[in-house]
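A.B. asks: Just passing along the structure, written as structure tokens.
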Amino acid sequence: MSKAPLFEKISVKGTLFPIEVSMKRLHLSHPYTCNGQEFSSLPMYDTSGLHGDCRTQVDPHVGLPPLRSSWNFPRTVQLGVAQTQMHYARKGVITPEMEYVAIRENQQLEEWIRSFNRHGKKVEPITPEFVRQEIAAGRAIIPANLKHPELEPMIIGRHFRVKINSNIGNSAMGSSIEEEVEKAVWSCRWGADTVMDLSTGANIHQTREWILRNSPVPIGTVPVYQALEKAGGKAENLTWELYRDTLIEQAEQGVDYFTIHAGILQEHLPYAERRLTGIVSRGGSIMATWCRHHQQENFLYTHFNDICEILKSYDIAVSLGDALRPGSILDANDEAQFGELKVLGELTKQAWQHEVQVMIEGPGHVPLNLIEENMQKELELCYEAPFYTLGPLITDIAAGYDHINSAIGGALLASLGCSMLCYVTPKEHLGLPDRNDVREGVIAHKVAAHGADIARGNPTAWLRDTLMSQARYSFAWEDQFNLSLDPEKTRAVHSQSIAASGYSAPNPDFCTMCGPDFCSMKRTQKMGKGN
């Protein structure tokens, strides 16, 4: 008899719509008991789509099947007509995407969620109605362009799992379309909840098309990068019309959210010029250059209503870019940063008038003692719209290890309410990341996000840790490997360590850190048995 796979792809049917929510199930080596419930397997949140299904071979030239096309909730693009999740949420209508993300967040663990009680805090499973309420209030978003049917919907908001974003994209210095598609798929395999294509080199349109057709997660872009390419690389040659046409081009391809640097105004530039590191946002520096050259207000700000007319037609979310994020800890929480944040709050209200979904981008480089103020200011000035941050990095001297630097700051900020962390790789400040850097960056930020979920009392996160602790205490090595965020690495490290020690058994009841005679857990078990 062939052995069942340890991981298998499963799908959970909806009750309101003909949807099937993709997850994976881990089969454990033996049952574990938690809070009186027995677990012989664990359903797990999965971002890999069909790319993670060993039974399916995805041809990148064909792409993924159009999952959402058969959901019996027809919406077509009509310019100027709101088609957004917020539009339906405010009308009291639950969409297929809302039911999908509710099922996905619960991970088939409703019984466990109801029984979970940590420090007197009771939790209920997430319902489609709760999702609708959070979207209607602007506290959560489901980025899902009508033109991206391959997408498996996900939700970003502080009452849901902390998400992470992976940045990919070519530059003028190298990388091909195939490499960037591979990085996008690779990101999804390791747990990226969204991917941003930040291509600035050749073939931007073609690269994005390939990525979208192969992506089960939302794809974001910074449209001003492509607009700048069309303007010959000169910021002063940008026009509203050129930018508008770029927005529509990317919207038609299926981009799910746009980073738009509409909050940097002429009045902010003197503050930025007094900084140690000035403006470190690429999009921010482009728009600052345009404003200074033309001595005019940022056209993304003056045309923001026009932008929203486009976004609401496709159900594209706006990620209000932090053009003035601090690029050094000395510049953190200064007048430039918080001045822009106030404008982002005003733009949030403006977007909501168009029923456009909004999230707010945040820093940046921020020392640990100033991180909490960032969360407080964002909630206050931006009306609790989801916060999406780059780290923050807590020191300026971690080059080569900035993924760890960022994950430390991100864990703290997410524990305080940040909704999504943008990953940083070991190549940050040094060069264009390759696929191994992408993996390192994703895993580091999955650690941060999961740690924040623990701090926020997420029952599904607590269950995974509890099972890991039980597996560790019982020396169930395969379960330990598979419950970790990177099973391949943990298995390889353990195997190499055992082999180097000369021990013959592959999975002994100790590790090489302590050896057979100094293992504290082994001794404790003997104490419990009366030995």
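Glycine residues also receive a Cβ, built from the backbone N, Cα and C atoms like all the rest.
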A.B. asks: Which one of Tyr383, Tyr388, Tyr401 goes with Asn167, Met196, Tyr225, His261, Ser281, Arg282, Gly283, Asp322, Ala323, Leu324, Arg325, Glu361 at the substrate site, as Swiss-Prot has it?
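C.D. replies: Matched candidate out of Tyr383, Tyr388, Tyr401, per Swiss-Prot for substrate with Asn167, Met196, Tyr225, His261, Ser281, Arg282, Gly283, Asp322, Ala323, Leu324, Arg325, Glu361: Tyr388.
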A.B. asks: Give the distance between the Cα atoms of His429 (Zn(2+) binding site) and Ser281 (substrate binding site), rounded to the nearest whole Å.
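C.D. replies: Each residue's Cα considered, His429 (Zn(2+) binding site) and Ser281 (substrate binding site) end up 13 Å apart.
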A.B. asks: Hey, does DSSP put Tyr388 (substrate binding site) in a helix, a strand, or just coil?
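C.D. replies: Assignment for Tyr388 (substrate binding site) reads strand.
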A.B. asks: Would you please pick out, from the binding-site residues Cys511, Cys514, Cys519, the one with the fewest other Cβ atoms within 10 Å of its Cβ?
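C.D. replies: Each of the binding-site residues Cys511, Cys514, Cys519 was scored; lowest Cβ tally within 10 Å is Cys514.
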A.B. asks: Give the helix, strand or coil assignment DSSP yields for His365 (Zn(2+) binding site).
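C.D. replies: Reduced to three states, the DSSP call for His365 (Zn(2+) binding site) is strand.
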A.B. asks: Going by Cα-Cα distance, pick out whichever of the binding-site residues His365, Cys511, Cys514, Cys519 is nearest to Arg325 (substrate binding site).
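C.D. replies: So, of the listed binding-site residues, the one sitting closest to Arg325 (substrate binding site) is His365.
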